Structures are given as structure tokens and as C-alpha cells.
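Notes for the one structure printed next.
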Amino acid sequence: MLTIYNTLSKTKEVFKPLDGNKVRMYVCGMTVYDYCHLGHGRSMVAFDLVTRWLRKSGYELTYVRNITDIDDKIINRANENGETFDALTARMIDAMHEDERRLNILPPDQEPRATDHIAGMHAMIQTLIDKGYAYAPGNGDVYYRVGKFVGYGKLSRKKIEDLRIGARIEVDEAKQDPLDFVLWKGVKPGEPSWESPWGPGRPGWHIECSVMSTRCLGESFDIHGGGSDLEFPHHENEIAQSEAATGKQYANAWMHCGMIRINGEKMSKSLNNFFTIRDVLEKYHPEVVRYLLVASHYRSAINYSEDSLRDAKGALERFYHALRGLPRVAAKGGEAFVERFSVAMNDDFGTPEACAVLFDLVREINRLRDSDPEAAAGLAGRLRELGDVLGVLQLEADDFLRAGAEGKVDAAEVEGLIQARLQARADKNWAESDRIRDQLTAMGVVLEDSKGTTTWRLAD
């Protein structure tokens, strides 16, 4: 029985899809004006994990994650670069997909782009105007009337009165209330625009997600996800728009993943601790980065540091050492481990406990390796099966353990030296065997002898 922490109710709830076994999930995706940073990677990996477990559990999932391809940041960056906004977004979308591929993130079933849904935005905005939830002051803009929506603040638990008192908002004469937010922005010089009933312009950010989600999944759906930084105002405003327009509950459950902290501090460009996924992958194996992102519970903040990455690398090395030398066979045995893993994942996707199960499984594989290699191989298959839920442990063990050797050592030379050492050992020429080992050690190569064979990896 799967339980999910619902930000809307602030409690864990038993998950019950709206339509039998079918699950519809929408996640706020990238605003594609720059390369993906680690925070984006955290959200992508978190909901990839949710996707994998829902499907592993037998649900028929439709996963939609949008692309915001028109926005102030996009326009500003395109102008800085001297390129069109669509040239910039096309380039950044390609880069995003490459980052996802390297992190073993499954593509969503649908990936709608805001600029493909302008007509739908016009329709929803007009509905809101007709119902009195929005107004056009005549300057080309259209605003949402926050005070009219009775449920405003139900996601974030913020009260309109408190927001007004604490608001530090520039006075906008066109707004009836400082808290009102824009649905449609009138055209400005040098900006892309689309025709609309209120004059040329472009959509506000919040209306984009309301329209794309409901167009792809229907007026009500099961799960809406995103980073915790989107809870207010973005997700709060989505609820206000969508429920005012349709008269129905928008999303049944709201899931929010935690933020990335860098050495204990918030990641930001001003603190000079801002890392793109590409920056990190230049230094660390993609699977190490992914494991760092899945080993913590999705709602927790992750502290990114050299130590945390070394810990992630060490964990994966333990897993792959257990797999090394065992044939790839179908998963067999270890039902108790599967049950514990399932209990952990069904408790709001409890990956820390699930990872602990993998470590226990590794200990059992190592215990059986010599005494019952067939059973050990079956459990190794089980380790890969459970690892696949986390998006890890699908590589050949040697490939992972030797990752990074390219450009540092000549693999053919290493293999040649290993064969020469094996021959020296067969000839009982221990001095030559030790000399070759010392030579390999000086090259940064660690040898591991087992039953007449020798494998190798690079030293940390």
C-alpha cells in the first residue's frame, strides 16, 4: 500500500488514483534559458524515481513534464546573446535532454511547450474573465483577482491578510490589488508576442502550467510535483487559476522535492557556489551524481560537497564489487530483501531505507560468493533489479570501477602487465610479480586477486 506525503494536507495519505489503476502526474519542468543546474537535476531525478516505482508497482502512469520556452529570463538571455528566443530555447532543450540521458532519467510521456499552447491559455483566461476571477484594465495586460478565490493559500498555508501586510511589491496602478498576478502581458518593444483578444502579448508563467497540465491530463489529475521553491507562489497560483476556471479540484496530491545546498549553504550565483549538471559531470561519473540524488529522501535538502560525492562513489563501488565476477542471470532468491525494499518505497518513496536494504543484500552476496556462487549470482540479479528502481547498477561492474581510466592509464598496457604478473606468479617468480605490482601501483592501479584471476581499477 503506497502512501505519499501530500503538501496540500501536510500529511501522508494512502495513494488512491482517480481512475482505477491509471495515474496521471504533472511536474513543472525547466525554464530553458540556461544549462540545467543541480537543483533541476534533483527534481528530474526525484520524479524519475517516482515514475519508476509507480510503474514497478503496476500502475499505468502518464507522466507529463512541461518546458517553459517563453519567459522574462529567456527573453533577457536571448537579447544578451544576440539570438532569437527560439534559437536559445532549442539549444537549451537539446542540452537538457543530454543531461537527462547521462543521468539515466527516463523521458516523460509528454513534454508540452508553453508556446504550443497559447490558444489554450487564451481560452482559460477568457473563462476566468467571464467568471469574474480576472480583469483586463485596458493596457494590454490581464490580471487574476486573488481576493475572489476563497481557497487562496490552501497549499502554502499563507493568508491573504498576512501577504498584504508583508508584501513588498512595486505599486502597479493597473492592479486592483497588489497581490493580483498577471495572466497575460501586453507587448513590449523588442519582445516576442502573440495576438490575443486583449492585444498582442505573451502569457504569464503561472497560466502556462495550468493550461498545459489540464490539456494533457484533464481538469483533475492525481499528482502535481515540483521543487519546494515552487510551492508559493507558482503552485498556489496554479490552483487558484485552474479551480476557478473548472470548478473542480485541480490535483489530488502535491509532491515537492527538497533543495540542493552546497557545503551547507544555499546554492546561488551570488555566493559563487552555483554548479550546472555539466560542471559536476566533468568531475564525477554520472551514476555517482545520480546516487547522491536518490540516496536522500526526496523531500529532504541534499548537501552537495566533495565528501558527499565521495560517499556516493564509495557506496556504488561496494555494490559493483559485489556484482563483479558474477554472471548476469535472472534475479533469484532474496524475497525478504524485496519485501523490505517495497515497504521502504511504499512509505513515501523512502530511498534511504531502500538503499540500506541494498547494502544488506550486498553483504549476503559476499557471504555466499565462494560457498554458493549460483545463489550469489541470483542475488546479484536481484541487486540489479532493485537498483534499476533507483536508476543505478545497470553497468558492467568493470566498466564502472574503471571509469575515469581513459586518459590516465593505457588499459592495454595495464592488461599486459597483469598478464605478465600472472605468468611470473605461475613461474613462482615472486620478485618479478612484486615488481610489476609496484609498477602498477605507481600508475594508480589497484589490483584485486581472486581464484587465479586478477581484476583492476583506478585508485581513488
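Every residue, even glycine, has its Cβ placed from backbone N, Cα and C.
Checked against Swiss-Prot, the range among 76-80, 156-160, 201-205, 266-270 recorded as motif ''KMSKS' region' is 266-270.
Annotated range for motif ''HIGH' region' in Swiss-Prot, selecting from 30-40, 85-95, 140-150, 349-359: 30-40.
A simple way to gauge crowding: the CB of Cys28 (Zn(2+) binding site) has 23 other CB atoms within 10 angstroms, across all the protein chains here. Taking the mean position of the Cβ atoms of Cys28, Cys209, His234, Glu238 as the Zn(2+) site, the remaining residues of that chain whose Cβ falls within 8 Å of it are Trp205, His206, Glu208, Ser210, Ser213, His224, Gly226, Leu230, His235, Asn237. Sequence-distant neighbours of His234 (Zn(2+) binding site) (same chain, 6+ apart, CB under 8 A from its CB) are Cys28, Trp205, His206, Cys209, Gly226.
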